[in-house]
Amino acid sequence: MHLHEYQAKDLLVSYDIAIPPYRVASSVEEGQQALKELAIDAGVVKVQVHAGGRGKNGGVVVAKSPSDILAAVDKLLRMRFVSNQTSGEALPVEKVLITPLVNIAAEYYLAVIMDRKNRCPAIMLSKAGGVDIEEVAQKYPDQLLTVPLTPFARLYNYQIRQIIKFMNWEGDIRKQGAQLIKKLVQCFYDNDASLLEINPLVLTQEGDLLVLDAKITIDDNALYRHPKLEVLYDPSQENVRDVLAKQIGLSYIALDGNIGCLVNGAGLAMSTLDILKIHGGSAANFLDVGGSATEQQVQEAVSLVLSDENVEVLFINIFGGIMDCSAVASGLVAVMQTRENLIPTVVRLEGTNVDLGKDIVQRSGIPCQFTDSLNEAAQLAVALSKQG
């Protein structure tokens with residue numbers, strides 16, 4: 001679960017991490033109140049969306065007067081934000097963050113991440129902050145330092161010394177940096193985060209280390225341990241189908257292909273996506289209905305997949321171990337019989353009550369093609385998806 005910048009900063013403030021004062025506004029009137037509370041004549045106004053690239057895509061405005069700040073608040077709250085991280089979708093802007101300008105002497109990048117290569121949490125740092133870290137990693141890998149962490153939220157003194165030396169922090173900045181890193185690591189572990197990114201972390205001309213921007217992602221599977229974080233979930237920032245899938249308890253991820261997939265089991269679902277790609281096709285979604293879905297849940301899953309206007313072919317791939325193939329068939333038929341414009345459907349059923357399931361579909365008269373081979377089913381689905 002992604003947090004908005006202001007939510008991430010609220011969390012960091014609770015760990016006594018130094019952040020310039022900020023206020024959040026959802027209207028021009030709230031912007032006026034924010035100006036009074038901050039007592040500033042110039043500042044930065046930033047859209048609050050779950051996407052990066054705000055600065056490059058008009059989502060961040062540097063304002064040099066109170067009237068400019070309010071004009072920026074009004075403008076940004078009216079926009080729908082699009083960047084290369086929104087998958088072509090325009091995200092609504094319901095809040096903006098207002099914060100003072102800072103006298104910056106140096107910018108850094110600092111993050112606590114899940115290092116999948118080494119299978120452990122890690123601190124990642126760079127002396128080049130305020131830029132795309134992916135670009136730095138690709139062009140200047142020597143400017144990045146990755147420090148692995150233990151599973152027990154412990155940061156050793158030698159690791160802190162290694163970081164401080166790499167960042168060239170001296171004097172009082174050494175102490176500030178050491179304390180900041182310890183607090184960020186603690187925050188990461190305490191809240192079951194999968195990402196805690198500070199970009200940029202700045203050194204001011206006054207000699208202070210300040211967090212200017214923060215991005216935090218919480219592990220969805222751990223939210224039951226964090227009810228105060230769970231209520232921060234913002235469904236307006238997600239694909240409508242993703243939100244619906246969560247409400248009905250399905251594991252769904254929207255993709256950009258045209259073959260809608262309904263599969264049981266995450267492993268089989270990923271294999272289905274792979275084999276479609278091998279044969280030149282592209283899935284419109286990942287959808288795992290689970291191992292014991294009911295007829296009602298299958299109906300909801302089919303309706304969810306077909307609600308995507310990009311879906312031109314429906315591919316159902318079920319291995320009925322615990323799952324009843326007849327329930328899958330009944331759920332599919334129930335949805336298809338309510339639709340006027342039916343799309344080609346490829347079905348592969350194996351396992352419990354497979355013959356009954358096939359019979360239910362065949363007697364319904366819906367346009368459906370069966371095959372027992374996963375390879376043949378994928379080839380057929382891809383061929384149908386390219387008929388236009």
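The backbone N, Cα and C atoms fix where each Cβ goes, glycine too.
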Candidate from K46, K64 that Swiss-Prot assigns to the same ATP site as G53, R54, G55, V102, E107:
K46
Given that Swiss-Prot lists G321, I322, M323 as binding substrate, which residue among N258, N264, N375 does it place in the same site?
N264
For N199 (Mg(2+) binding site), which DSSP three-state class applies?
strand
Let me know the DSSP-derived helix, strand or coil state of D213 (Mg(2+) binding site), please.
coil
Hey, of the binding-site residues listed (N199, N264), which one tops the CB count within 10 A?
N264
Since the record lists V102, I322, M323 as binding-site residues, which of them has the fewest other Cβ atoms within 10 Å of its Cβ?
I322
List nothing but the one residue from K46, R54 whose Cβ has the fewest other Cβ atoms within 10 Å; the candidates are the binding-site residues.
R54
